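Undergrad: Before I ask anything, let me first share the structure, which is written out below as structure tokens.
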């Protein structure tokens, strides 16, 4: 009892001592060991992973734009306009593929090399590329680099970053090399072995562009749609690129251990099942809705129709190859493609969108709510509340972006609502398809879509990182009260 009476006195005594130290400038923290260190501008920039990724991406855009502004970057030797160079650089680095000028006829060989390197760097990922450079220079990574690189590559262990980067580079090199090896003989046959150097460049460009899901092409013939010897390697490479590094790595590891698919991770199962459903739904949609559309199916041959339907089912998710048929499809198909493009590819992949696993989690949340279940479960696993919050936050934020960008695009152009939504979804999801809304003569529309592509490339990743950080302790927890929704 005496101790209870003395506690207020002791607390008051400690408060007076602390107040006295603050007035005289003396405190325990004034010792050299506890002195507050001045934070430099460099430390401020490198301390936040989200800020770091934006800084790296902007630096790459500046470099690529500057190179494309050089006179010898164009076929005519004239300096291109800044909006065109900027838009092309952003489209390549974000692996989107929307073009305002023809890559084959407008850009010189040097300009195409700049575009190709930009595609490769964008496909590897901003933080992955920055980590590769840091490892090559200093053999060490900052904690902030490790944190965002881990989020970008889909791993939870910071200690595994170096090995994961090595695996990512290996997967990229093997896939692109195999695609190149399969394409080269067929392209030589198609070109009648004329201009072998040009054919070699086509094979390299197609291999890199296909795996990174950009849709940039070194020619305008569109020959691969009717030639399955060229089209099939491109289709498979683009599909692998949309799965994501964690999925490919997990499948390969299980195959090496001779483990059945039931040993796959939940992320791999959810990605593959959702992707299969989306591709199958797209295939059925185009075969039924566009069966008599000569823009998509100009031939009556059933095998050619199936090939074109496969291209229409796989490519809109993020690749963007063969855009000639897109403006000619029905309004219903454009809306359907907008939804597919908004969903996009797999997490930590070369594609964009909100990601197929995000869409799957949203559907699972709705299913749990409709059936009255407290937990969100799939494949006998429970999805954490934090993952659910991330999926909802990413989806609502990206929907808001698409709505704002669509209204802005309608304001600066004379396009319809459907075309504006289609173009914006394509830019955000890095799909690469276009209905001709953006042109070289309208800089405002180019800057709107360029900003959409940048946010589409960095936004979902940055949002996911921000939400996945440890929860800050709440100083005050207020009473709970219900709100009427719906």
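Cβ atoms here come from the backbone N, Cα and C positions, even for glycine.
Annotated transmembrane segment per TrEMBL: 54-72, 84-101, 113-137, 164-184, 228-249, 270-288, 339-370, 391-412, in sequence order.
Describe the structural context of each listed feature in the structure shown, including burial, neighbouring residues and relevant distances.
TA: Panel annotation: around the transmembrane segment (84-101), residues 57, 60-61, 64-65, 68-69, 73, 107, 115, 118-119, 121-123, 209, 212-216, 318-320, 350-352, 426-427, 430-434, 438-440, 446-447, 449-450, 453-454, 456-457 of the same chain, lying at least six beyond its termini, place a Cβ under 8 Å from a Cβ of the stretch.
Here the transmembrane segment (270-288) has long-range neighbours at 242-244, 247, 264, 296, 305-306, 309-310, 312-314, 316-317, 333, 336, 340, 343, 346-347, 356-357, 359-361, 378-379, meaning same-chain residues at least 6 beyond its ends whose C-beta is under 8 angstroms from one of its own.
Counting only same-chain residues 6+ beyond the ends of the transmembrane segment (339-370), those with a CB under 8 A from a CB of the stretch are 94-96, 123, 125, 152-154, 211-213, 241-247, 267, 270-271, 273-275, 278, 282, 316-319, 376-378, 383, 387-388, 390-392, 394-395, 398, 402, 425-426, 428-431, 433, 456-457, 460.
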